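Q: What follows is a structure written as structure tokens; I'll ask about it next.
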Ligand code: SF4
């Protein structure tokens, strides 16, 4: 848990604010006003909430922390990608990224300080899991990103929960985060513009399918069989491939939405034509399967090499020949260490937590 004794101002949903104003003897409409200051006007202090009486602002100040994240730095890539390094109130560090696309600005948020899943290609897991973020700490990342975009009158148009951490191991906070993000009186991000990405925490895939949302689901698959997947992603020993695919089928049947399977290509590890053939066999019968191929970023602590460009295209062709839809993720921010966990790892090397 964070070391703060008070909740963060971003930890509350509109319903929480409604309950809070009632408990504190305030008029019901004040909840909407507070929510509006936080997510529509996006002020950075209680004093800026000028239509609230001073007595109410004092109550808020007594009971909540406004400062949730301190920006240590933000770096801007030549391609427009912006990467934030934030320090939490307990001095742990996290990363958040704004990616520029032709269709708008996408924010990649972090859900945990570190990660215990142990994927062998990922820098974020090197120091293990320190703690879960609160919903407010996840929300504040989007608010901070939107505040930067406000300077150029741009908007956050989509969110991917693909930063540091396994979102389905911090399930309740992530669900609360989503509730605030999609609220029409808040940032009002369309559900279909939000994607949650999991390494395959099977019980929570079922839970998520039953939430009755339109939010997208992505599964980090990264291998076409149990043997290789268990080597790359130890989570596969807990939730084997067949169980994972069964949970995915349930999700598709329940929601009618397609799943994106993320496949990070690692040179000579999982990127050979035989891997593509095997993956195609596995996913051929999967309803509406879509594979997103990700050329893996070099992590100095790991020894994976990149897949040559031609081999990436060859891998895609094999999938498509087998009627499995496949795209290649555009690389962004490579000049600013934008790959997951790289900036935080550098910050930790410099002596920070
Ligand atoms: S890829 Fe995601 S789930 Fe795997 S170790 Fe990294 S942060 Fe955790």
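Positions of Cβ are set from backbone N, Cα and C atoms, glycine also.
Among the features that TrEMBL reports, active site, proton acceptor is placed at 95. Annotation source TrEMBL lists active site, S-methylcysteine intermediate at 340. Residues or ranges marked as [4Fe-4S] cluster binding site in TrEMBL: 115, 119, 122. As annotated by TrEMBL, S-adenosyl-L-methionine binding site applies to 165, 166, 197, 220, 221, 222, 297. Positions annotated as domain 'Radical SAM core' by TrEMBL: 101-335.
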Q: Anything from the binding-site residues 122, 166, 197 with its Cβ under 6 A from ligand 1? List those in sequence order.
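A: Those binding-site residues that pass the cut-off, since their Cβ is under 6 Å from ligand 1, are 122, 166.
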Q: So among the binding-site residues 197, 220, 297, who's got the most Cβ atoms within 10 Å?
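A: Max Cβ neighbours within 10 Å, all protein chains included: 220.
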Q: With a 10 Å radius around each C-beta, find which of these binding-site residues (115, 119, 122, 221) has the fewest other C-beta atoms nearby.
A: 119
Q: Does DSSP put residue 197 (S-adenosyl-L-methionine binding site) in a helix, in a strand, or in coil?
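A: The residue in question, residue 197 (S-adenosyl-L-methionine binding site), is strand (DSSP, three-state).
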Q: Is it possible to get the count of other C-beta atoms within 10 angstroms of the C-beta of residue 165 (S-adenosyl-L-methionine binding site)?
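A: Total other Cβ atoms inside 10 Å, all chains included: 29.
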Q: Could you find out if DSSP has residue 222 (S-adenosyl-L-methionine binding site) as helix, strand or coil?
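A: Going by the DSSP assignment, residue 222 (S-adenosyl-L-methionine binding site) belongs to neither helix nor strand, so it counts as coil.
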Q: Are any of 95, 115, 119, 122 (the recorded positions) within 10 Å of residue 166 (S-adenosyl-L-methionine binding site) when you go C-alpha to C-alpha, and if so which?
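A: Within 10 Å of residue 166 (S-adenosyl-L-methionine binding site): 115.
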Q: Can you tell me which of the binding-site residues 165, 220, 221, 222, 297 is spatially closest to residue 115 ([4Fe-4S] cluster binding site)? Compare CA atoms only.
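A: The answer is 165.
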